Amino acid sequence: IINSGFILGPGIGGFMAEVSHRMPFYFAGALGILAFIMSIVLIHDPKKSTTSGFQKLEPQLLTKINWKVFITPVILTLVLSFGLSAFETLYSLYTADKVNYSPKDISIAITGGGIFGALFQIYFFDKFMKYFSELTFIAWSLLYSVVVLILLVFANGYWSIMLISFVVFIGFDMIRPAITNYFSNIAGERQGFAGGLNSTFTSMGNFIGPLIAGALFDVHIEAPIYMAIGVSLAGVVIVLIEKQHRAKLKEQNM
């Protein structure tokens, strides 16, 4: 839901920008006020608080964590968030420069892609998880994204890029929940710790990716796409390494 909001928000904002450049800011401010009011009315603090059943934070507990278990997933999270954020951030500039998309065209493309991505998450993600492990699913989603990005590089027409835009975000939207699921599965009793690592390195990639992609965009408009393709392929390699590592651990535990 959060990821869908990140994609749909700019799309809807683009439609509003057609009316007035200030309208998206007014709308965002109104939503902020609405969220504030709903938080006061609908969200309540629990009447009773208890710490029973919770383990107190002790520094020595960190030394008992098997850090090796999280190294590869953390690297995978950083690499993928880096590549995905780089592409998503510069997508509007890319389409505007390549085929002269207007804010309305960009909004249609992003909103359509966000809707398709959300529908696939809702209706197909759980079904895929019944037949594939998280790592296998991530690898296939990355390969799908690579193919679609390559098609985007060679597309030059208005409608070809529009159609590709509707499906390019599907792979990205499917990867994120798969990574979250994988972290949860390997964390065991360390769910909070794993969630913190996932959030931290996702934010780090979201920060670094657009910076580097912006610099590459000044060199050539296709450069960020090439970077996203390279990062996705690197993600496939990392997934294969992680699968081998997991297989060895399973053999040792048998």
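Backbone N, Cα and C define each Cβ position, glycine as well.
As recorded in TrEMBL:
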type	residues	note
DOMAIN	1-246	domain 'Major facilitator superfamily (MFS) profile'
TRANSMEM	25-44	transmembrane segment
TRANSMEM	65-86	transmembrane segment
TRANSMEM	106-125	transmembrane segment
TRANSMEM	137-155	transmembrane segment
TRANSMEM	161-183	transmembrane segment
TRANSMEM	195-217	transmembrane segment
TRANSMEM	223-241	transmembrane segment
Same-chain residues at least 6 beyond the ends of the transmembrane segment (195-217) whose Cβ lies under 8 Å from its Cβ atoms: 70, 73-74, 77-87, 89-90, 93-94, 179-180, 183-184, 187, 223-224, 227-228
Using a Cβ-Cβ cut-off of under 8 Å, list the residues of the same chain that are 6+ residues beyond the ends of the transmembrane segment (106-125) and lie near it. 3-4, 7-8, 10-15, 17-18, 91-92, 95-96, 161-162, 165-170, 172-174, 177-178
Can you work out which residues elsewhere in the same chain, 6+ from the ends of the transmembrane segment (223-241), have a Cβ less than 8 Å from its Cβ atoms? 72, 75-76, 79-80, 82-84, 86-87, 90, 94, 135, 138-139, 142-143, 145-146, 149-150, 152-153, 212-213, 216-217
The domain 'Major facilitator superfamily (MFS) profile' (1-246) [mean pLDDT, rounded to integer]: 80
